[in-house]
Amino acid sequence: KPEFIKKLSDMEANEGDLGLVLNTTLKGYPAPTVKWCLDNKDVGSDKSYIITAENDNTSHSLKVKKVNRCNAGIFTCEATNEMGKASTSGVLSVKVSVKKPEIEQELKPTQLVEGKPGKLVAKVSGEPKPKITWLKDGKPISLNGRFSMEEAEDGTVTLLISNVTPDDAGLYSLVATSDEGEASSQAPVSTIPAGKKPEFIKELEKVDLTEGQPLRLGAKVTGKPTSIKWQKDGEDVSDDGRIRLTESPDGTISLTIDQVKQTDAGKYTVIASNAEGKARSAALVEV
C-alpha cells in the first residue's frame, strides 16, 4: 500500500508569487498512480500548474506558476495502487494584495467622424481588479448595440462605438470602482461629418486647336480633394512654366498652355483624391 514519507504541510504565499512548489515523497509497490487535487477537484489538466514525478516515481511535486487568490484552499496528493491508497493534504493560504483604483492614463479630448467607428482609451490599475463603468453626460452607457468595451491585461480599457452619430458628442467619463475605493477620468468628445470622396461637377471637355493657339482645360470638383494630379497619355504632367496648373478654393482646377505644339496633342486626365476615394475626368486635345 502507498505510504507518504514526506507529507504536505500548510503554506502561505502572496498573490503574484512565482513558482511556488508543493513537494511530497512516497513509497509503494507496485508504483502508485498519483493525483493532485485542490478542494477535492482534480487539477491534473489545469495549465496554471506544473506536475512532475522524479526519482523512480517516489518524488512528486506541484508547482503553481503564478499564485493568485483562486489557488487558495486544501491541496491533496493522492497515491493509489492495487494494494490501496494514501493521501496527504496541506492548506495554501494566499495573501491578497489590495490597491485602490487609480487612473494610469487619462481619457483625452477626442474628435470622432460621423458614420465611422470611434474609440476612447484609458488605463486603470487596482487590486482587486476594479469594475469599469462608462458615462456620457453623467448617465451610464449601456454596453450593447453600438457601444462595447474591451479590457486588456495591462489595465487598458477601450470604449468602442461602432457607428458614430452627431448625438455621440458630449462629456464622457470612466469610473473604476472596487471595495478599496474609486477613481474616474473624463474628457469631451465632439463629432464631425464624414468626408466625401471627390466628384467632378464640371468635366474636362474635348479641345481642337491649331498650333500656336492657347490651351485651357478646366474642371470643377467637390469633396475637398487633398491631391490633384494631371496626366497626359498616362504620364504625369507637372507645372513647368510652359504648362501651368492651378487650383482654386471653390474646386475649380485648370491646365493652361499659352501656345500649343503638335506634341501637346493627346488624352489629358485629371485625378482628384482624398482619404475617402478618388475621381477622374478625361478629354482629348487635338492639335
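For all residues, glycine too, the Cβ spot is worked out from N, Cα and C.
Nobody curates TrEMBL annotations by hand; they come from automatic prediction.
Note that the structure is predicted; figures quoted are calculated from it, not measured.
According to TrEMBL, the features are:
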DOMAIN    2-93  domain 'Ig-like'
DOMAIN    101-190  domain 'Ig-like'
DOMAIN    198-286  domain 'Ig-like'
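The DSSP breakdown of the domain 'Ig-like' (198-286) into helical (H, G, I), extended (E, B) and coil residues amounts to 3 helix, 53 strand, 33 coil. Secondary structure by DSSP for the domain 'Ig-like' (101-190): 3 helix, 57 strand, 30 coil.
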